[in-house]
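So that we are looking at the same thing, I have put the structure below in structure tokens.
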């Protein structure tokens, strides 16, 4: 280890101890304690992001940190959980720099504060490959109320938060993407879509609304089409394509190349909430979402039957997607 | 993705869903729920192991899995916690095979059953570098009783479980270690020491004994000398070298090359418990450990002062270690 780069203990003390929450012993222990709220269940989730796979190595380290935490908190939000803390396992590549790490810690601290989710501990290792950020996040729900993914029933309405496809289009428009889309695009639209790719916004405000009203929910991380398929066990679904919410920027880009609609629906990284709602709860759910400050759109219905979801275009024709879901794997 | 290797969802269903515990929704959700025992705190810890750094890539995958879980449960044991579950983030290299993964899952399942710690979820990603297994483990302690690492006081006795240095010597004797020790060694001794390197045995039986009797504790993962130094805040320590427990195999190897004593004391991977015990609790603690089936040895004392621990040889001379702690970082 060179003097120019500090050892693991020094790194932790300098960059990560300031982010530590209660019970984390200032990261000077090998574990942290967390006092559960009486009458609550813990909800646990783990998601890792890898340089060159889930983000561009040259993305700002503050953005990478925010994304790493955000994708985990998006899972907690979809389960109806309130964040309590997280553990970070950071695999640093051979060419890591303290400048990068300082930026990463700064972004992680800001995201941690914004999302109300303190750092509780973790591990730092070296890798001969790409950097990897593996986070485990903990949240809480009142006992027995975790919102599940399986169990949608025929007749349930399918709803989705925010807008779909922005991040996938942002990925296609990212200047570092060698397989990107190179058609003409407004600079502000490009910036807005890349912003959505870089900075997922976990829908934490929806957690109590989901617990109260929905049958099942998940976050959209691998594309609307593929993730909806994962939600269907013993049922199928019909989605009205024209009802899928798109941002103005996404509409304009898709208008200039209609094949990009498939990117929007299958590309992933939305981190919006996808859920199935009993029909008699739909209106209250939409109102509750609006009161929580999140747009929520009814896009279709759960149907009896089997097979992947069917997407209907404006002529009532069924659209199939060659590639239903983005797989990083 | 080739047909020869299944996609992520199929892999999870085939290899990992059979290991899932209650609340894990058969790994068909993005999160798991865990009901805390009333009146208990959760204890959380994360440790990752990387191929070529923490284990040899050609080690049996069953062994690698057992080690990945074992090093995490060792931290829980040291904190006085009973395991409740774990999350697995698995980064697979480009040349992974289903044979390897099947062996890994088999070993993980066996370790999970042996240690009473079910799989709750996780993530699988691809890496362009070495394989990495990042585990987050959860345990429980009665509220407020997590055993901490900092806070040892002058006069406390320093105790350590089992024997020290076996794993570090096993690493030196490992046939795949190009910087290994090449002196003569009995085949059974070599096998016993390599076994200790490959298969850490978390001292879970000690958890309640630690909660009852010790002031502070940690597991020895980076070498006795360095880890003891980490335990000292505002105090120092004196260790009687002759009292440090060594296995017969370790004694024989060290007898043939006395410089290997330093390997034993600084090399790491022991996964034994190191603790400081108030002097009036020492005898009950030793008896309690024995009743739990774990050898426990008094090796020295916490002293007023500052600085790294002092090791005294049979002549009362102070021994210094050039390299106090093994750092993988």
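Any Cβ shown, glycine's included, is placed from N, Cα and C.
What TrEMBL lists as domain 'PurM-like N-terminal' is A:29-141. Residues annotated as Mg(2+) 3 binding site in TrEMBL: A:30, A:75, A:219. Taken from TrEMBL, the feature Mg(2+) 4 binding site applies to A:30, A:45, A:75. Residues or ranges marked as Mg(2+) 2 binding site in TrEMBL: A:47, A:75. Among the features that TrEMBL reports, Mg(2+) 1 binding site is placed at A:47, A:123. What TrEMBL lists as substrate binding site is A:54, A:269, A:326. What TrEMBL lists as ATP binding site is A:122, A:123, A:149, A:221. TrEMBL lists A:153-307 with the feature domain 'PurM-like C-terminal'. Here TrEMBL flags A:222 as Mg(2+) 5 binding site.
Can you tell me where each of these features sits in this structure?
Non-local neighbourhood of residue A:219 (Mg(2+) 3 binding site): A:74, A:75, A:77, A:78, A:202, A:203, A:227, A:270, A:271, A:272, A:273, A:274, each in the same chain, at least six residues away, with C-beta under 8 Å from its C-beta. DSSP assigns residue A:219 (Mg(2+) 3 binding site) to a strand.
In sequence order, A:72, A:75, A:76, A:79, A:136, A:137, A:139 are the residues near residue A:45 (Mg(2+) 4 binding site), counting only same-chain partners six or more apart with C-beta under 8 A. DSSP assigns residue A:45 (Mg(2+) 4 binding site) to a strand segment in the three-state reduction.
In the three-state DSSP scheme, residue A:75 (Mg(2+) 3 binding site) is classed as helix.
A sphere of 10 angstroms centred on the C-beta of residue A:47 (Mg(2+) 2 binding site) encloses 28 other C-beta atoms.
Neighbour count (other Cβ atoms within 10 Å of the Cβ, all protein chains): 21 for residue A:54 (substrate binding site). DSSP classifies residue A:54 (substrate binding site) as coil under the three-state reduction.
Sequence-distant contacts of residue A:149 (ATP binding site), defined as residues of its own chain at least six apart whose C-beta falls under 8 angstroms from its C-beta, comprise A:216, A:217, A:218, A:230, A:231.
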Counting distance between Cα atoms, which of the binding-site residues A:54, A:122, A:123 is nearest residue A:222 (Mg(2+) 5 binding site)?
A:54
Specify the count of other C-beta atoms within 10 Å of the C-beta of residue A:221 (ATP binding site).
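There are 25 such Cβ atoms around residue A:221 (ATP binding site).
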Under 8 Å Cβ-Cβ to anything in chain B: which of these binding-site residues pass, A:123, A:219, A:222, A:269?
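Answer, by Cβ distance to chain B: A:123, A:219.
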If I take the alpha carbons of residue A:54 (substrate binding site) and residue A:30 (Mg(2+) 3 binding site), what is the distance between them in whole Å?
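Cα to Cα, residue A:54 (substrate binding site) and residue A:30 (Mg(2+) 3 binding site) are separated by 29 Å.
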Filter the binding-site residues A:47, A:221, A:269 down to those whose C-alpha lies within 10 angstroms of the C-alpha of residue A:30 (Mg(2+) 3 binding site); answer none if the list is empty.
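Matched binding-site residues: none.
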Looking at the binding-site residues listed here (A:47, A:122, A:123, A:221), whose Cα lies nearest to that of residue A:269 (substrate binding site)?
A:221
